[in-house]
Amino acid sequence: METTPLNSQKVLSECKDREDCQENGVLQKGVPTTADRAEPSQISNGYSAVPSTSAGDEASHSIPAATTTLVAEIRQGERETWGKKMDFLLSVIGYAVDLGNIWRFPYICYQNGGGAFLLPYTIMAIFGGIPLFYMELALGQYHRNGCISIWRKICPIFKGIGYAICIIAFYIASYYNTIIAWALYYLISSLTDRLPWTSCTNSWNTGNCTNYFAQDNITWTLHSTSPAEEFYLRHVLQIHQSKGLQDLGTISWQLTLCIVLIFTVIYFSIWKGVKTSGKVVWVTATFPYIVLSVLLVRGATLPGAWRGVVFYLKPNWQKLLETGVWVDAAAQIFFSLGPGFGVLLAFASYNKFNNNCYQDALVTSVVNCMTSFVSGFVIFTVLGYMAEMRNEDVSEVAKDAGPSLLFITYAEAIANMPASTFFAIIFFLMLITLGLDSTFAGLEGVITAVLDEFPHIWAKRREWFVLIVVITCVLGSLLTLTSGGAYVVTLLEEYATGPAVLTVALIEAVAVSWFYGITQFCSDVKEMLGFSPGWFWRICWVAISPLFLLFIICSFLMSPPQLRLFQYNYPHWSIVLGYCIGMSSVICIPTYIIYRLISTPGTLKERIIKSITPETPTEIPCGDIRMNAV
């Protein structure tokens, strides 16, 4: 008897008309023909509903059927899956909870009405952020592909979205890990009996350095600077050696060594796939919560802590009448949860087919939002302490935003606490682990996408491809390691990646809800989970979530941020440069649409129909289909 060798690369299975194919335990969903799409009985994207058969027939229960003869390729062996369910949850939480939760949310909250800001933030999370988060998890888990090849199974004409996501991920890796390098430099500098940013007697200090904690009756002038500020600006960043974007200065060898060390850790954490990264996140995703708990208890016991808490949460309801508050709430929840970056697609693609991604979406979203909220207490109890020590209002202490809030204000507060070295070490180690989680996720999104799209080239060479990606990211980070690197980091964050990712997410939401079809998408979810998403989710996916993204994009275009950093005003040409960098990723979408229409044979109408019709089947493990649909 002839048998198929276990190491064979593929098995060809021919599907007859109006049938789904079952081969080697895998259910193949076929692709409809152009004629079938025109039939009024067809549901979205041309799939026709197949009536349920008897309970004994496990091969098909309300599964959309193929309406054409199809030769489908089935690869031997199953896709890699997470070792444990908790590996996946910790990876998603580690990705969503990043540095922005620690510095951005508390600052935006108090700037936009304190406790009143929680209302628009919650509304935007419920109607915008969480539905998009759930959509990506469901898409990735059902189709089991990265952000490039998944579009062959959804709507091929939008495959450029995947390429755009990969380019954006590279830009983010180029500047985000530089911030982690700053934290690592601080961590190494903290391994002393006395923290170096506590005095004005170091080689990098200037005559304006004033340590108001050292003695009483210190006169603070407009030109006075704190030891922590000079350590950050003149020693770590060496910003005084740069005149701006037009003259970035030399590359810091100290920061270069830090970023090489960081990417070395990243490489050995993700080179073997989710089996290894899923174990690493047990440390990197849980350690920040231990440190946050310690810092929260310590901050609450400091004198003046209550002043900071009141300043953080005191509601200003009049702020809700300002459009900017709602824009900030929408942007914060979107960038915090992180749909549109391809990461959720990649992570979910390694889940088991019947994993409850609906529950996962709710749990991880709530954990992320609560972490942001609690981080505000960690930050503002310390700011209240700083205000008490300076005999100033909390608003005067909380003027720093972004990384400066952590590397200047919070670092200075830690330096003047008892056991300052201990708290400095755990604080900066927490920042590093927060950043590493997000980098693991961002690069895994790219790696999964490329390996799924080019399996014959890279499937058995993952370690080498990961090495290429890591080296490319290190080289891309060189500009941010210069004396003026902080200027580059801010430009990339505000203009090169933010608007681009919003645009990509908007097109993705429209492509899934309007082209692939909300009916078909909900049918897919029902096959996995045994129940169909309710009307709330359908309305959000079809209308509210796209409008949510469009609202942020339009607000950004009408009122783009005026960049200013460390008394440096960005020139107009730099803003144009930022937009151009952002467009270099988004341009992949219309470029691929044009390429697809040109390369597809037939009339224009036939080309369009073929280009929006799924071209490859979705493999569904038959034993994993839920039959208890309600």
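Glycine is treated like the rest: Cβ placed from N, Cα and C.
Here Swiss-Prot has Thr439, Glu494, Tyr495, Phe556, Ser559 binding serotonin, and the candidate from Asp87, Asp98 in that same listed site is Asp98. Relative to the membrane, Lys85 and Ala459 occupy the same side according to Swiss-Prot. Per Swiss-Prot, the Na(+) 2 site holds Ala96, Asp98, Asn101, Ser336; the candidate it also names there, chosen from Asn145, Asn316, Asn356, Asn368, is Asn368. Considering Thr192, Thr210, Thr250, Thr276, the record held by Swiss-Prot lists Thr276, annotated as phosphothreonine. Within its own chain, the topological domain 'Cytoplasmic' (348-360) is flanked in space by residues 79-82, 85, 88-89, 92, 134, 136-146, 150, 274, 448, 452, 525, 528-530, 533, 620-621, 624-626, which lie at least six positions past its ends and keep a Cβ under 8 Å from the stretch. A distance of 38 Å separates the Cα atom of Cys209 (disulfide bond) from that of Gly94 (Na(+) 1 binding site).
DSSP assigns Cys200 (disulfide bond) to coil in the three-state reduction, placing it in neither a helix nor a strand. In the topological domain 'Cytoplasmic' (348-360), helix, strand and coil residues by DSSP number 5 helix, 0 strand, 8 coil.
Around Val97 (Na(+) 1 binding site), taking its Cβ as the centre, 27 other Cβ atoms fall within 10 Å, counting all chains. Closest to Cys200 (disulfide bond) by Cα-Cα distance, out of the binding-site residues Gly94, Val97, Leu434, Asp437, Ser438, is Leu434. Taken residue by residue with DSSP, Cys209 (disulfide bond) is part of a strand. Using a 10 Å radius centred on the Cβ of Gly94 (Na(+) 1 binding site) and all shown protein chains, the other Cβ atoms total 26.
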